[in-house]
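Swiss-Prot has this to say about the protein:
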ACT_SITE  Tyr69  active site, proton donor
BINDING   Asn142, 168-171, 191-193, 255-258, 280-282, Lys338  NADP(+) binding site
TRANSIT   1-14  transit peptide
Amino acid sequence: MLKVLSLRSALQRAASTRQLVYEGYRNPPEAIQLKTVTIADKPSADQVLVQWIAAPINPADLNQIQGVYPVKPALPAVGGNEGFGKVISVGSNVSSIKVGDHVIPDRSGLGTWRELGLHQENDLFPIDNTLSMEYAATFQVNPPTAYRMLKDFIDLKKGDTVAQNGANSAVGKHVIQICRILGIKTVNVVRSRDNLEELVKELKDLGADEVITQEELYSRKKKFPGVKLALNCVGGRSSLFLASLLDHGGCMVTYGGMSKQPVDCPTGPLIFKDISLRGFWMSRWYDIQKSPEKRHEMYQELAGWMKSGEIKKQEIVKNRLEDHAKALDTALSKFDKKQFFVLE
């Protein structure tokens with residue numbers, strides 16, 4: 001009888017945990033609420049119990065809470081698409097993940113702004129346990145986006161040239177660094193600003209070969225022959241002139257639309273240079289890429305560059321869950337440093 005009671009007691013054990021939840025779509029600082037909930041502290045057969053360690057606030061997270069992102073979790077939902085955590089316990093059927101592993105989400109909308117979470121095994125992916133917090137928490141989105149765009153559209157060789165706008169974005173900075181590692185030259189377009197000289201130095205320190213303003217791009221005074229690949233996250237006039245830099249058979253890949261303007265394409269290069277236009281969304285790559293080997297290969301190479309210091313850490317600002325309104329407001333208005341929730 002005592003054994004039966006002990007087993008029943010164990011099965012009914014629960015853990016209290018805090019998480020950032022939204023119940024409707026609106027301005028993130030107003031939509032997000034800090035809630036304490038109770039979850040089982042023992043995973044079922046196919047589940048994994050994760051202690052989340054750190055999670056960034058990304059533009060996609062903000063768009064999701066605003067209701068304008070393609071992926072919409074069922075409401076109420078926990079915020080956060082990216083982050084990393086440590087596996088506390090695993091269910092009896094779990095085979096690809098073990099206790100002590102560091103894991104990241106394997107799908108969008110998982111909800112990483114929480115202290116503890118019970119997740120299905122196939123919703124998580126193990127990563128290198130030795131990566132520091134700044135690398136591990138942002139390992140899923142920006143570095144792989146840069147990596148895949150450089151690998152999947154044009155067969156780039158050492159000495160080739162890549163041009164990009166939004167070069168000071170997180171993806172743009174990873175493009176610069178990966179190109180430097182691979183021996184590929186970069187032409188980097190940024191907006192004019194008061195601290196332009198400081199920004200140019202920062203990007204050149206990362207390995208940028210050329211840094212020009214959008215106005216310099218539009219003037220066409222500078223020539224950049226042999227551009228094989230162009231990466232566009234702005235759209236509008238910027239994409240028009242960026243595509244004009246492409247050599248014969250070149251490709252412009254669009255992965256964002258910061259200007260909220262349609263992507264423009266120059267007629268002459270499209271006809272006479274046979275340039276192509278493609279789109280890229282990292283979430284879709286994860287959805288259709290069912291081979292764990294290809295992902296392991298990418299993660300291993302990126303982790304190696306991070307641990308060697310060839311890819312530098314992002315500057316971050318650490319926030320507690322209870323300071324969520326301020327953190328979200330800052331993430332909406334300032335873009336120089338990545339806002340993080342530290343969850344341990």
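Backbone N, Cα and C define each Cβ position, glycine as well.
Sequence-distant contacts of Ser192 (NADP(+) binding site), defined as residues of its own chain at least six apart whose C-beta falls under 8 angstroms from its C-beta, comprise Thr213, Gln214, Glu215. The Cβ of Tyr69 (active site, proton donor) has Ala60, Asn63 as same-chain neighbours under 8 Å, each 6 or more residues away in sequence. DSSP assigns Phe280 (NADP(+) binding site) to coil in the three-state reduction, placing it in neither a helix nor a strand.
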